[in-house]
Amino acid sequence: MSNEDQEILDEFVVESLEHLADVESQLLSIEAAGADIDVDLVNTVFRAIHSIKGAAGFLGLPRINELAHCLENVLNLMREEKLVPTSTIVDGLLSASDTLQAMVADVGASNEVDISNHLVELENCIKSGLAGGSSEATPPAEAAVAAAEPPAAQEAPATPVPPAAAAAPAAETTPIEVHIREDLPLAEALDLAVADAKRAREFAEAEAAAKKPDPREAILAASSEEPRSSGEASDGRKTSNLKSTSGSESSIRVSVETVDHLMNLAGELVLSRNQLLQALAARENNGFESVAARINQVTTEMQDAIMKTRMQPIGNVFNKFSRVVRDLAAKLDKRINLSIEGSEVEVDKTIIEAISDPLTHLIRNSVDHGMETPPQRVTAGKPEYGNVYLRAQPQSGKVIIEIQDDGRGINADVVRSKALDKGLITAEQAQQMSDREAARLIFLPGFSTAEQISDVSGRGVGMDVVRTNIEKLGGSVEIFTTLGTGTCIQITLPLTLAIIPSLIVRSGADRLAIPQVNINELVRVRPEDAKQRFARVKDADVLRLRDTLLPVVRLNEVFGSQPTGRTIVQDLAQEGAAAQNVIVVETGQQRYGILVDGLCDSEEIVVKPVGAQLNDCPCLSGATILGDGRVALIVDVSGIANYTNLRAVTERANAENDDQHGGQKTSNEVQSVLLFNNRDHESFAIPMGMISRIESIAASEIESVGHREMLHSRGVAMPLIQLDMCVTAAPADRSGRLFVIVYSVAGREVGMLASHIEDIRAIPLDVDTDVHSERGIAGSLAIEGRTVRVLNLHDITHSALPDLKGEPKRTTQPDLHLCLAEDSAFFRKQVSNFLRDAGFNVSDFEDGQEAWETLVQDKSAFDLVVTDIEMPRMNGLEFCRRIKADPELRRLPVIALTSLASETDVSNGRRAGIDDYQVKLDRENLIRAIREQSEKASNNKSDKESKEVLV
C-alpha cells in the first residue's frame, strides 16, 4: 500500500471513530424516547453509519460495509416510524455498533471478523418489529431485499465468467451506488468522484455478467461463510497490506483558528529572537529588558495555545457510562437513572485516557454495591429508581469529579470488622477509628465487603488500584458516605500534567517544587508570635489559622533529615531564630502546613519522571530542571499526607479545637478584602471576590477621551473611575505609579484608581451600616483601631458612569419569589436591597431554620433559594439537604453565598445539592445566576434534562 493510500485509510479510521463516538449515547436516548421517536436524532445516527458504509465500500472493507449496511436498514425503518426502538432492538444496535467500532479501530483485521451473529440479530429485529407494525410497512420481499442486498460494487462472481455471459442483453443495467460526501471541499469531492467512476468502470463488465443471487440467499451466505483471509477483499482486490491503525489514540483534531494562532505566535517569536541577536551583537543592554519581556509574553501565549490543543471535553469519557449503567442495571435487575453534569469541562488528553478505567470501576461499584434493588428501596421508603450522579467541575486549576449515589451507603462497623478479619488493622486501631477513617479502609489492597465474588465486583482489588492510578496523576480520592442515604466518591485531578506553575522552596541545601494548584496560602510566623500560632496535639505540631488547627510537617524531616526532637515553638525560642515560612496546602479534603527553610521563586516547570532509585518514594511526583539549570524534585502533596498519616492528626486537632470552643462555632464570617487608600489616615475596603485583577500603571498611560479617563488594557479601552468624584475621599496621587483595581459591571470591565494598596486581609466582616449613610459606601469596619469604609461598587459605578453600556438587560419575571437566608444583618440588607432593585420579590430570614419553617408551610411559595452557609441553628448545607430530600421541593434551585469558599467548602456544598456558588455583594453575577437557575428550573418542569438516562 502506498503512503497516500495509507493516509486515506488513517483518515477513514479517525473520521469513522468520530462518527461512532456519540452513536452509543444517541441510541440510548432513542431507546428512552420509545414510541415517541425523535426522527432528527435517528437521522443523525443514520448519517454517521451511512458515511462509514460508503467509505468502507470505496476502500475495499466488505465486512465493515456489510455490517454498517444492516445497521442502516434498521435505522431507516425507525426514521420512517415503521419500527419502534424497543430495548431488544436497541440491544442489537448497540452490540453491532460496538463490533463496528472495534473493526474500524483495527481496520487491518476487519475482514477477518465474523459478523454473522449481528446480521442475523439485526434481521430478526426487523422481522419482530415489522410483525406488529402497520399494514403500510414495506412488503416482506422488498424489506428483505433492502435488508440483505449488499452494495453492488462489493459483489464478485463466484465462478469465472464465461465468454457467452459477457454478451448480456442490452436492456440489462448495472446498478451503481453513489455516496455523497457533503462535508468535503469541492476539489476533494471531485477527486473522489473520478476515482469512484474509474473503479466502477473496471468492474462494470463483471458485475453485469454475474448472476445476481436471491437477496435472502445473499444474507444467509454472508452470515454462514467462513471469514476470508485479510489478504482477499470481496471484490477480488488484495488487502494484505492494510495496516492496523489507531488514529484516535495517536492524533488529535486541531481547529484551523488554533493553527493560525500558533503560526502568528511562531512569527512573533522569530522576530523577538532576531531583536535579541541584534541587541547581543550591538551590546545594547537597554534593549535586553524589552526583548526579554516580549519573548516571555510570546512564549506564554504559545504555551497556552499549545496546551489548548491537548484539551478535550471530559464527556469523551463520561458519555460511555450511560451504556455501562444501562447494561449493568439490567443484569442486576435494578432500576437506575444516571445523570451526567459537566461533560463540557476540558482536561488534558493524558488525563482523559488515564481516568477511564478508574471511573468505570467506581461506577460499577456504585451500581453493584451501592444501589439497592427496587423492592429494597421501596421498603426503605425510597423511589424504585435509584440515582447515580456523575459530575465534573473545574476549580482553581483542577477538576473535581464526583460519583454519587442515593443507595444504601457504607456501614462503617462492617468495614471495621472486615478489616480486622483480614488483619489490615488492629483491634486498638479499630476502636479509635472514626467512621470516616473506617470508610477509607476500602482503598486498602485486598479489601472487599462483598459476600460473594461475581464477574461484576467483589475481588477486593479495584479500589486500591483506583486510588493508586489517581495518585499517579497527581490527584486524590475522598469518600463521603451516610448509612441509608448514599455514598459520594470525589476525585481531584490537575487539568494538565505537562507544565505546572509551582513554588520553588528551599529545604536545607535542596530545592523542591510545590505545585501551586495545591497551595492555599503562605503564612510567615515571627519568633515572638510562635506561642500564639503553634501548638502540640498528641505529639504533633499544629498551626492555629483562623480558629482552626492545621497539622504541620517539616519538609526536611520528610526527606530524611534527622528529627531534632524539639517542637517548632522551641526552635523559634532559640537565640537568633528567624521567622518561619509555612505553606498551607490542600489535597482533596486534607489541609495542612509544610514548614520550609526558605522561599525561592515562582516558576512554571516541565514535569520529568524521576529515576529508578526514587520511584518508590511516595512523597515525590517527579522532577524538573529550573531556569538556572539545577534539578528540583517535585513534592507530592497527597503523598506526604498519606506518608505522615496526617488524617489522624487532623481528626485529633479538630476534636481538640471543638473542645476549646465548647463545641460552638463562631458566627462571625471571614471575608477576604482588599485594603487601599489615596492618602494616609483614610482606608477603603472592597471584597476580593468582586475584583478581577490589580494593575500597576504610570499616570502617563491614562488617556482623556471627552469627559472620561480611559486605559487601554488587554486590547480594550477600559473606563476609569476617580473615587474622590463619587464619595468623600482624597484624589489619587499621580506623581508616582498608580494602581488600577479592575472589576466587572454589566459585563464591562471598569478600573478604579488608587494611590496605595495596603493589604489583602481575611477578616470577620462585622460591618456597621448606621454610621456612614453616604451613597457608594456600604458601611464601615474597625480594623486595628481605625475606621475602614466598605465600598458599594455598584452604586459608585453607576454614579460615575451612568451611561455605561454592557450586556443587554434581560427582563426579570415580576412574580419570581426568592427566599434569602442570611444571618448577617449587613449582608442581608445589602443583598435583599439589590435583588429588589433588580425586580425580584424577596423574603429574607435570619437563618436556615427560620427559612425552612416558612418553606414547609407553603412548598410552592418560592421559586428559588439564596442562602448563606455559616448560620446559627441551621446552616446553609443542612437547609439545602432538607430541600433536596423533600420530593416536592427537590427541584427548587439553591444558590449559596460565599466569602472565602475553599475547595472543600464548594465540594461539600455540591454534595448537599447546592446548584451554584456566588460571591457575596457581587451583584451582577448573583443576578445572572438567579436568572439562569430559574430558567433552568422552569424548563425542567416541562421536560427532564436531556442528559438524564432512564434505565
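Keep in mind that glycine also has a Cβ here, set from the backbone N, Cα and C atoms.
Feature annotations, reproduced from TrEMBL:
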COMPBIAS  136-170  compositional bias 'Low complexity'
COMPBIAS  225-238  compositional bias 'Basic and acidic residues'
COMPBIAS  239-251  compositional bias 'Polar residues'
DOMAIN    1-107  domain 'HPt'
DOMAIN    258-497  domain 'Histidine kinase'
DOMAIN    499-646  domain 'CheW-like'
DOMAIN    670-802  domain 'CheW-like'
DOMAIN    817-935  domain 'Response regulatory'
MOD_RES   HIS50  phosphohistidine
MOD_RES   ASP868  4-aspartylphosphate
REGION    132-170  region 'Disordered'
REGION    222-251  region 'Disordered'
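Here the Cβ of ASP868 (4-aspartylphosphate) has 25 other Cβ atoms within 10 Å, regardless of which shown protein chain they belong to.
In the three-state DSSP scheme, ASP868 (4-aspartylphosphate) is classed as strand. Taken as a whole, the domain 'HPt' (1-107) shows an average pLDDT of 84 in this prediction. The Cβ of HIS50 (phosphohistidine) has 20 neighbouring Cβ atoms from other residues within 10 Å, across all protein chains displayed. Mapped onto DSSP helix, strand and coil, the domain 'CheW-like' (670-802) counts 17 helix, 75 strand, 41 coil.
Straight-line distance linking the Cα atoms of ASP868 (4-aspartylphosphate) and the residue listed as 'phosphohistidine', rounded to a whole number, equals 54 Å. DSSP classifies HIS50 (phosphohistidine) as helix under the three-state reduction.
DSSP assignment over the domain 'CheW-like' (499-646) gives 31 helix, 75 strand, 42 coil.
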